[in-house]
Amino acid sequence: MHTNYAYGMRHSRYLSTNCFRSKRRSRSSKSSSITTNSVKVKDPDILTWNKVISSHMRNGRCDSALRVFNSMPRRSSVSYNAMISGYLRNAKFSLARDLFDKMPERDLVSWNVMLTGYVRNRRLGEAHRLFDLMPEKDVCSWNAMLSGYAQNGFVDEAREIFSRMPHRNSISWNGLLAAYVQNGRLEEARQLFESQSDWELISWNCLMGGYVKRNMLGDARLIFDQMPIRDAISWNTMISGYAQVGDLSQAKRLFHESPVRDVFTWTAMVSGYVQNGMVGEARKYFDEMPVKNEISYNAMLAGYVQDKKMDIARELFEAMPCRNISSWNTMITGYCHNGGITQARKLFDVMPQRDCVSWAAIIAGYAQNEHFEEALNMFVEMKRDGENSNRSTFSCALSTCADIAALELGKQVHGQVVKAGFETGCFVGNALLGMYFKCGSTDEANNVFEGIEEKDVVSWNTMIAGYARHGFGGQALILFESMKKAGVKPDEITMVGVLSACSHSGLIDRGTEYFYSMNRDYNVTPSSKHYTCMIDLLGRAGRLEEAENLMRKMPFEPGAASWGALLGASRIHGNTELGEKAAEMVFKMEPHNSGMYVLLSNLYAASGRWVDVGKMRSRMKKVGVQKVTGYSWVEVQNKIHTFAVGDCFHPEKDRIYAFLEELDLKMRRDGYVSSTKLVLHDVEEEEKEHMLKYHSEKLAVAFGILTIPSGRPIRVMKNLRVCQDCHNAIKHISKIVGRLIILRDSNRFHHFNEGVCSCGDYW
């Protein structure tokens, strides 16, 4: 099928060149009769001079071509045309136009050369202006303009040119048909097709391929059955179409009916079975293939990789007689997705050639396997190696910066994005939004959002969810209203963000209203995620009975996330009975979820039930659940500093601990009291206070204050939820030192400033 599309595209491009070449051949045959200052002169060497000019231009040696041109004793219009065409081929438009304007005489071929050059280089505005200036036009001139508009998606403009053409040939008709097909306007393509009967085989294949590309197999089959003649492309297009939509019985039937089976026919069947997860069947066809090429091997290789059979994939890879860069990239991606980052790196290091896909695969692999520093190192290494970043590599680098909250590094990547011209596009723009939000910089996220030229639903969803996670529920809801006014339809992810915004900000009435109207207003059926948001919203507000009743009314069984939300709310409001019930349900579904054990232990500890705290520890040990170690980190001068509770390994630990002691005295004078009831150990109060004093987030905040220049925010990240005591302490610290402290935990952001947190203590 891909061959068919390529064939159609080649035919479309042919519009702007075919007629011109015939004209040029006509002129070349008369090249011995030259016009110089309106005098015809016989010069048998003129053809040789022109060939030398064309040769230099084909190899990008424009200066050499110019020297030959300047040294010519006489020049013809063909000489000028060769120079102009060469300049255009090498993107030297001003030189081409300057020489065109200086020509002593311009014929129709000269005008068409200049016009075609503009069209090929997508300079349609200049092409249109030149077209309007042409003293005469032939069918090649009209076809060049039609081709330019068609290939660049300006279908209506192409249709207008077609309508104005005084004469049309088969290239004109096929060009407009291809424009309709390639831009998905199949109804208009069908009407055009039915308006005449004298269509070439390429046109039948083009229309059929358009239907196949959009999975309209019924319409495609009608075209196929009506075709007066068929070639290999016709059969391969239909076989590929059926295979791709999973109708392998039809694909198989056509495969056996096909009078000619080439390597593409066989590969279509292999790819079809691979895409539908039937790797064994794919291998049978693969083994029977009389001839295999790189595409065949890569299709089979991709099947084993998708099936996570990396050992068999490696055997096939080693046996391949014709590996290309795609083969290497498939293996690297496969190892990365299956946890084999070491094997992926070994392959990457011995690749004979790399492209941007190779770099994107290894960078994403490191990031997916949580080797964030290595991912960023590879991004830097890619730049040193001279490989230009594409959208994927930029997105991977930005996502990695977001995961470790490396804001300064993220800003550097942002600078490269701007230089590469990707900032205004959705794909990279959305990655920038995520990076800035996850690094705690909402203002810069908003600036990026404003700069995205065509915002998609992901852009809006990222902004709404970002503001929600930062506790700015009001701004999230304002954006939601703007999204609707912009004509972007909310989806289920949008509504999760909206309900989360209400939950994090305590907007109970607004959240309830959105929840019960989302199906009616936006055709979004509430899923378990939406119900969990509502349970969290009601539970945080202390309306535990309503939250439990909502769970009972859910149209499906509550999952671990819903019970976990109820357990969290029970801990906040000290409802031990409901908390125990919710925890037991979570333990049945996710027996190794350490966070739920800790939540219930916190609930017991706050109630002074130390025996039950001990039982929780014993139960965790018996089940084999390990409590996740909490750690916090802060970025200082492009370096990440990580701290654990009571950290004694950091090189500046003495300075940090001394500063914390000073802060502790000032905090107590400011009214701070340790929340010792949260300590999960039955020890003396003094010992509990000592244990709380050196939590990882406090160490990171202290180090940030000591090292980050005054006036700049301190951004601290934690892998778990911030504890109540640290939350209270950091409020006091922000007031004492006069600094904005932004803390990201596993659940949300907290912006501490002048003794107040953005969450309003509602978390």
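Our numbering is plain: 1 for the first residue shown, then up by one each step along the chain.
Here the Cβ of each residue, glycine as well, is placed from N, Cα and C on the backbone.
Just so you know, TrEMBL annotations never went through curation; they're auto-generated.
Just so it is clear, the model here is predicted, and its values are computed rather than measured.
Copied from TrEMBL, the annotated features are:
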DOMAIN    671-763  domain 'DYW'
REPEAT    45-75  repeat 'PPR'
REPEAT    76-110  repeat 'PPR'
REPEAT    138-172  repeat 'PPR'
REPEAT    231-261  repeat 'PPR'
REPEAT    262-296  repeat 'PPR'
REPEAT    324-358  repeat 'PPR'
REPEAT    456-490  repeat 'PPR'
REPEAT    527-557  repeat 'PPR'
So if I exclude everything within five residues of the ends of the repeat 'PPR' (231-261), which remaining residues of that chain have a CB under 8 angstroms from its CBs? That is, six or more out.
1-4, 7, 201, 204-205, 208-209, 211-212, 215, 217, 220-221, 224, 268-269, 271-273, 275-276, 278, 281
Counting by DSSP, what is the helix, strand and coil composition of the repeat 'PPR' (456-490)?
26 helix, 0 strand, 9 coil
Could you pull out which residues elsewhere in the chain have a CB under 8 Å from any CB of the repeat 'PPR' (324-358), counting only those six or more residues past its ends?
294, 297-298, 301-302, 304-305, 308, 310, 313-314, 317, 364-366, 368-369, 371, 385, 387-390, 392-393
Secondary structure tally of the repeat 'PPR' (45-75) (DSSP, helix then strand then coil):
23 helix, 0 strand, 8 coil
What is the number of residues in the repeat 'PPR' (262-296) that are helix, strand and coil, as DSSP sees it?
26 helix, 0 strand, 9 coil
What counts of helix, strand and coil residues does DSSP assign across the repeat 'PPR' (138-172)?
26 helix, 0 strand, 9 coil
